[in-house]
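> This is the structure I have questions about; it appears just below.
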Amino acid sequence: MAHIKDVEVLNCEYGKNTIKFLRLHREGKKHFVKEVEVCTHLRLTSCHEYLDGNNSAVIPTDTIKNIVLVLAKKNGIATLEQFAIDICQHFMTTFCQVAYVKTYVQEVPWQRLHENGIPHIHSFICVPNGIRFCEAEQCRNGPLIVFAGIKDLKLMKTTQSGFEGFYKNEHTTLPERNDRILCGELFCKWSYGECKDFDFDCIWNKIRECILEAFAGPPDCGEYSPSYQKTVNSIQMHILSKVQVIEVVLNNTFYNVVDMKNLGLTNDKEVSKCSKHNLPGLSLKILSLKA
């Protein structure tokens, strides 16, 4: 067994995960909601609690949870990014033993309910149009870095997609296709760099619009996609006009046209079987693509 003096501690972090709560804000009779899940991790200036069992500098995870809830109460949640910034700044300015802090915040997609075009003052509906999230991190005496993103965004187009001309050998069984359903679940994360005065809501909405435009193409005719890879690239090129660093992961879902000849029917790509749970998905990830 190695002695402590022979071991170098590379990283020693701890924190509180899955702090889930709802923040209600009232403006007269009109209510606004933010339901979030927060994970906050710390790295202390020493590792005494890990090496020696000395807990004198340790901020309990229950305290971390309570601080997050208190900040939500006192500051509200104007945007996820600003709330993550508030959390990082609080730990850095309050606890001298904290060397590094990282916090992750994701939001439940509640939208205000409309009845006959009229927005309801206190009723909401959960709409799965993708989950918004952000991360903020800071080292002591270093800049506060902010990331943001969208995940679990499910997209589909029923034509204008194919996959042809790929490399083939004796192990290839996949047929070429020039007209197929393209469907996937998208994860997209970008960096704002050092914290500045950004309109986080505006940028997030603009990037979501870029994703949809790049995936679908013009509404009257669409745009042909020769591969998932090219679709990911198109999405990234659209987004890079707004931010500097972008990561995109597109996990695909296969739809195979059902052969109905034995049933005496001609199936003109009208009925397809989802093979999501039977075939491995395609994951495409590009890191640090900079404008």
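In case you wondered, yes, glycine gets a Cβ from its N, Cα and C as well.
Among the features that TrEMBL reports, O2 binding site is placed at Thr61, Asn252. Marked as 5-hydroxyisourate binding site by TrEMBL: Thr61, Asp62, Phe163, Arg180, Asn252. Positions annotated as urate binding site by TrEMBL: Thr61, Asp62, Phe163, Arg180, Gln229, Asn252.
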> Find the shortest Cα-Cα separation between Thr61 (O2 binding site) and the binding-site residues Phe163, Arg180, Gln229, and name the residue that gives it.
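Of the binding-site residues Phe163, Arg180, Gln229, Gln229 has its Cα closest to that of Thr61 (O2 binding site).
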> Rounded to a whole angstrom, what is the largest C-alpha distance between any two of the residues Thr61, Asp62, Phe163, Arg180, Asn252 that the record assigns to 5-hydroxyisourate?
52
> Express the distance between the Cα positions of Asp62 (5-hydroxyisourate binding site) and Gln229 (urate binding site) as a whole number of Å.
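Each residue's Cα considered, Asp62 (5-hydroxyisourate binding site) and Gln229 (urate binding site) end up 44 Å apart.
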> Which chain-mates of Phe163 (5-hydroxyisourate binding site) that are at least 6 residues away have a CB under 8 A from its CB, listed by sequence?
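Residues satisfying the criterion: Leu174, Glu176, Arg177, Arg180, Pro226, Ser227.
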> How big is the Cα-to-Cα gap, in Å, between Gln229 (urate binding site) and Asn252 (O2 binding site)?
11
